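Here the structure comes first, spelled out in C-alpha cells, and everything after it is commentary.
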Amino acid sequence: MDFYYMPGGGGCRTVIMVAKALGLELNKKLLNTMEGEQLKPEFVKLNPQHTIPTLVDNGFSIWESRAIAVYLVEKYGKDDYLLPNDPKKRAVINQRLYFDMGTLYESFAKYYYPLFRTGKPGSDEDLKRIETAFGFLDTFLEGQEYVAGDQLTVADIAILSTVSTFEVSEFDFSKYSNVSRWYDNAKKVTPGWDENWEGLMAMKALFDARKLAAK
C-alpha cells in the first residue's frame, strides 16, 4: 500500500507506528509539501484536500491520520488488538482520538505554528489552552495505564505522537504526573517509537530553521 507522507508530520508518525504494530509494510512516498508537491494533479486526484498523510490501499484512498489508523486496524488487526470490539470501549477510544485532534493537537498548532511565520509563539491565552488540554489528559489517565483503558490502543499511539511533538518543542509537562508516567511507558511499549523519534528530529530541524529565518 502506498503511503504519502513527510517524516516529521505528527499524523504521518501516527500511521507509521500503527502500521508497525500491525506488522504492515508501507510503500512510503515522500511528499514535499514545502515545495507544493501535494498540489500536483495526480495527487489531488487521490486526495482532493491535498493533505498528508494519505494512504492508498489497493486503489482505495483514505486520508486524515486517525481515520487511516482506524481503517488499518479494522482491516488488518487481529482480535481486539489496538481497537476492541466492545462498543463502550470503542466509544472511549473514539473520544480520545477526537480529543487529540480537536483539543490537544489543536492547542499545539495555536501556540507553536506562529513560530514558523514570525519566530514567536502564540499568545498567553494559547499557552493556557495547552495547559488545559494537558490537564484533561492527566485526568483521563488517573488510575489507568493507557489513555482509553487497560490496554494499548490507537488512541495511545495518536496521542503519543502528539505528546512527543510537545516534548521536542520544549514544552515541560512534567507537572502532569499521570501524563509523564504514561509517556514513559508508552515510549517503551509502542512499536515504531524509534521511527517516530527520527521523524521528530526532522521536524525539530525544520522548526529551528524556520525560527531562525523568521528573526
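Cβ atoms are placed via backbone N, Cα and C, with glycine included.
Annotated features in Swiss-Prot:
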- 1-80: domain 'GST N-terminal' (DOMAIN)
- His50, Thr51, Ile52, Glu64, Ser65, Arg66: glutathione binding site (BINDING)
- 86-212: domain 'GST C-terminal' (DOMAIN)
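For Arg66 (glutathione binding site), the same-chain residues lying six or more positions away in sequence with a CB closer than 8 A to its CB are Gly11, Thr14, Leu97, Asp100, Met101, Val154, Ala158. Contacts of Glu64 (glutathione binding site) defined by a Cβ separation under 8 A and a same-chain sequence distance of 6+ are given as Gly11, Thr51, in order along the sequence.
Taking every pair among His50, Thr51, Ile52, Glu64, Ser65, Arg66, the residues recorded as binding glutathione, the greatest CA to CA distance is 16 Å. The binding-site residues listed here are His50, Ile52; among them, Ile52 has the most other Cβ atoms within 10 Å of its own Cβ.
In the three-state DSSP reading, Glu64 (glutathione binding site) counts as coil. Mean pLDDT, taken over the domain 'GST C-terminal' (86-212), works out to 95 on the 0 to 100 scale. Of the listed binding-site residues, namely Thr51, Ser65, the sparsest Cβ surroundings within 10 Å are found at Thr51.
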